[in-house]
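Structure first, then comments.
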Amino acid sequence: MAAQGFLLIATFLLVLMVLARPLGSGLARLINDIPLPGTAGVERILFRLPGVSDHEMNWKQYLCAILGLNMLGLAVLFFMLLGQHYLPLNPQQLPGLSWDLALNTAVNFVTNTNWQSYSGETTLSYFSQMAGLTVQNFLSAASGIAVIFAFIRAFTRQSMSTLGNAWVDLLRITLWVLVPVALLIALFLIQQGALQNFLPYQAVNTVEGAQQLLPMGPVASQEAIKMLGTNGGGFFNANSSHPFENPTALTNFVQMLAIFLIPTALCFAFGEVTGDRRQGRMLLWAMSVIFVICVGVVMWAEVQGNPHLLALGADSSINMEGKESRFGVLVSSLFAVVTTAASCGAVIAMHDSFTALGGMVPMWLMQIGEVVFGGVGSGLYGMMLFVLLAVFIAGLMIGRTPEYLGKKIDVREMKLTALAILVTPTLVLMGAALAMMTDAGRSAMLNPGPHGFSEVLYAVSSAANNNGSAFAGLSANSPFWNCLLAFCMFVGRFGVIIPVMAIAGSLVSKKSQPASSGTLPTHGPLFVGLLIGTVLLVGALTFIPALALGPVAEYLS
């Protein structure tokens, strides 16, 4: 089984790199503000109609444009969900959502989290799924990519104050990247058997003679961008373990590739735009090393079987609880690491049913900031924060002013970097503490003891880091949990974007210094090791006490 696991990982990474390389070249053109062939005329028309200016923006203007679009989207989606019963395409006559669930849902889709405190097939109409959630899947993904576009430009421009135009970037990302690729994935899913219709739910007779109501809907179109945009919110409650969303082993493989496709392509684009492709490869090596180790640990933990079942004398040579038999342990383990390394959160197995160590790894991947490939845009700018921190640490060790790609890293940048890195750990630890201190928080736990605490810790980690997956034993659809998680999602998203844009604004105004004999090389294996060590050190120091109370205590008990 070990050989099968390594072959699965190797095949996945090989196909991923082959697909991401050409996409990275296309993204590099967009970062360099070069329209794709044949698109300039369409862009001019689209900007002329609403009268949008395409002039360059400084970091504050760029940030305000991103925040303004997202706040508008949040308000529209919130009221759409409240008044769902007045809107069309609601064949099941589903009522509007409560204010707290509508708020939670609006925030989580705008922030690219897609935490779901509801069951899609019994809560949301087709109109809400399409015009509400799917639209935000595109816009939230485009927002994250636009931020990393601006951040990359900060390293390639010198003595300037502008970082591009947010509206131009958002339009190009959506029209020329997200929509075409999502369309191809959606057509493939439909060909493989995923649903795409507007029929009312179908009553069918089962082989046992009972009657069952099968949900319908425009599934494939939402499923495609859900994966490509690392959104993760399922059309159905079972998410990608549902055969109507993910019908075959081939669609499952394609969905995993879709999750990592843009984050990987952005690393290639980063190297191409900066004029040193080794920089992009350095990031990919660091991410890949952590990723492969994490997949190996989860696979090992899950093939050991469930120790609680073994203690009762049951046959549990592998842990199949909560897993689809058509996918199995190895594929489920790989998917779990893919979806939590990226800020996706889609699942084909119930993470709450993983072994203690098998469930701890996905939780820890979220807690370190979703920087191992990560979300579209957010993963790379999150990892770049650790790059700046690693450069700063190396500068202290050798007694030189830290610099990266020729840009001096001063006190202002390091303060903002520390602020951005500390946002999500603060939310996670304080949110988990608040939940455990209140009756409303503790009453949602399905399990007592360490596993119950793990459910709480996982939920807050998922929300604050904009992942969206869950230990589903937590009953999170209550005013307390909906509001707590909405706050964590909102601050976890925009509380990081704001200092990231401020760092970009500071760096773009600096001159690039030529490399000297004392410059730290940031493309070799030494720096890869330093970067991995920085990520692990920050993650270990921050979360080991909390993890010791949850999954570690469960493993040792």
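Cβ from N, Cα, C; glycine included.
Copied over from Swiss-Prot:
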type	residues	note
TRANSMEM	5-25	transmembrane segment
TRANSMEM	63-83	transmembrane segment
TRANSMEM	132-152	transmembrane segment
TRANSMEM	170-190	transmembrane segment
TRANSMEM	253-273	transmembrane segment
TRANSMEM	283-303	transmembrane segment
TRANSMEM	329-349	transmembrane segment
TRANSMEM	356-376	transmembrane segment
TRANSMEM	379-399	transmembrane segment
TRANSMEM	416-436	transmembrane segment
TRANSMEM	484-504	transmembrane segment
TRANSMEM	526-546	transmembrane segment
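Long-range Cβ contacts of the transmembrane segment (329-349) within its own chain (Cβ-Cβ under 8 Å, at least 6 residues beyond either end) map to 1, 4-5, 8-9, 12, 112-115, 226-227, 230-234, 239-241, 246, 249, 252, 255-256, 259-260, 263, 287, 290-291, 294-295, 298-299, 302-303, 318-320, 322-323, 358, 361-363, 365-366, 370, 372-375, 378-379, 462, 465-470. In this chain, the transmembrane segment (63-83) lies apart from the transmembrane segment (356-376): fewer than three C-beta pairs between them fall below 8 angstroms, excluding pairs fewer than 6 positions apart.
Comparison of 5-25, 416-436, 484-504 by number of C-beta pairs under 8 angstroms to the transmembrane segment (526-546) places 416-436 first. For the transmembrane segment (356-376), same-chain residues at least 6 beyond its ends with a Cβ under 8 Å from one of its own Cβ atoms are 112, 141, 144-145, 228-230, 260, 262-264, 266, 287, 290-291, 294, 297-298, 301-302, 319, 333, 336-337, 339-344, 382-383, 385-386, 421, 424-425, 428, 450-451, 454, 457-458, 461-462, 465-467, 469, 471, 535-536, 538-539, 542-543, 547, 550-552, 554-555.
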